[in-house]
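Straight from TrEMBL, the features:
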type: COMPBIAS; residues: 146-157; note: compositional bias 'Low complexity'
type: REGION; residues: 135-157; note: region 'Disordered'
type: TRANSMEM; residues: 6-26; note: transmembrane segment
type: TRANSMEM; residues: 38-55; note: transmembrane segment
type: TRANSMEM; residues: 75-95; note: transmembrane segment
type: TRANSMEM; residues: 176-197; note: transmembrane segment
type: TRANSMEM; residues: 209-230; note: transmembrane segment
type: TRANSMEM; residues: 242-264; note: transmembrane segment
type: TRANSMEM; residues: 276-296; note: transmembrane segment
type: TRANSMEM; residues: 316-334; note: transmembrane segment
Amino acid sequence: MSGLITLVVMTALLAASSFAVGMLPLFFSFSRSSMSRLTALGSGLLLGAGLGIIIPEGVEAIVESNESGGSSRPAHFPATTIAVSLLVGFMFMLVTEQLIPGAHSHSGLQIYGSSHLSPKDSTVEFDVDVELGELEQDSARSPHPTTSGSTSAHRSATSRASAGDGFKIPFSGKGFTLTLGLVLHALSDGLALGSSIVSDTGSQELSLVIFAALVIHKAPTALALTISLLASGVNRTDCKKFLAIFSASTPTGAAITYLFLWVFRSADGGKNHWTGIAMLVSGGSFLYVATVLQPVSSNHTSGLAHEDDINLKTRLAFIVLGMFAPLLLSSLIGHGHS
């Protein structure tokens, strides 16, 4: 029962925090440098959580489930199981990026003339989990639209929606395309949280570390989604609907993972074999997002950095800070590996 309570509390807080952060562009402006710092920290957190917490925990759970009788040594080291699980997680994200509409292989996002950015920033670039390709194409057709033009388009979309379908979710158009890829990635994030809650090896300490990493990681993504939707002409009402769907996706993934692993674990005599596999799969997906979708050298190689963006040393410092933060938090709350 304690695991179920932990699941409910953490998923509720995660959904609420993602939605609250995503609502901020409706009321405030953000500078590109602030977004870049938050994104760099989030990339480091994914690497740190994957390499320092999730993957070691998954390996430990699988090894312990393979222990024979009263022996403290496993009958055999499950190297193949570990390797395949990591590859499946990495491959899932790769296939999703290549085949799902709206989820492309690169993470660059440019928004021109958005009224939700700081006035000094005519262009903003920050890394999210998917490339919003259609938005970039529209921006390319009009290289430097004015803020008033963006505002006019937004007002036009709002007026069209006022005579629309009420609370009906528009399952078509650019807003749906932009949201779809992010939702799929967020569902895979729920795999890590759900499996950490089920696991005996870390109990609530492990899930707390994963929860904290996900909260910080999802913040720039929620901001990016809202700004992108507004800049592409989606009215505020529909923007809130899409944001709510995105915010609920990780909790949904966590709940589904928890349910399935609880059933499999009960059928397997309480062993954590499947829990370990789930954690390794999520670890593989974390590595893909952190190293492919959010490359640590993106500012250096993209050629799109600007004067008011953070420099390479600052970005590197935030990434390194994020990488060690999960391990430090794990040590502070009394959970670690001997």
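Each Cβ is built from the backbone N, Cα and C atoms, and glycine gets one as well.
Between the transmembrane segment (242-264) and the transmembrane segment (75-95) there are fewer than 3 Cβ pairs closer than 8 Å, counting only residues 6 or more apart in sequence, so the two stretches are not in contact. When the stretches 38-55, 176-197, 209-230 are ranked by Cβ pairs under 8 Å to the transmembrane segment (6-26), first place goes to 209-230.
Within its own chain, the transmembrane segment (38-55) is flanked in space by residues 86, 126-128, 192, 196, 206, 209-210, 213, 216-221, 223, 279-280, 282-283, 286-287, 289-291, 294, 296, 310, 314-315, 318-327, 330, which lie at least six positions past its ends and keep a Cβ under 8 Å from the stretch. At the 8 Å Cβ threshold, with sequence separation of at least 6, the transmembrane segment (316-334) lacks contact with the transmembrane segment (176-197), having fewer than 3 such pairs.
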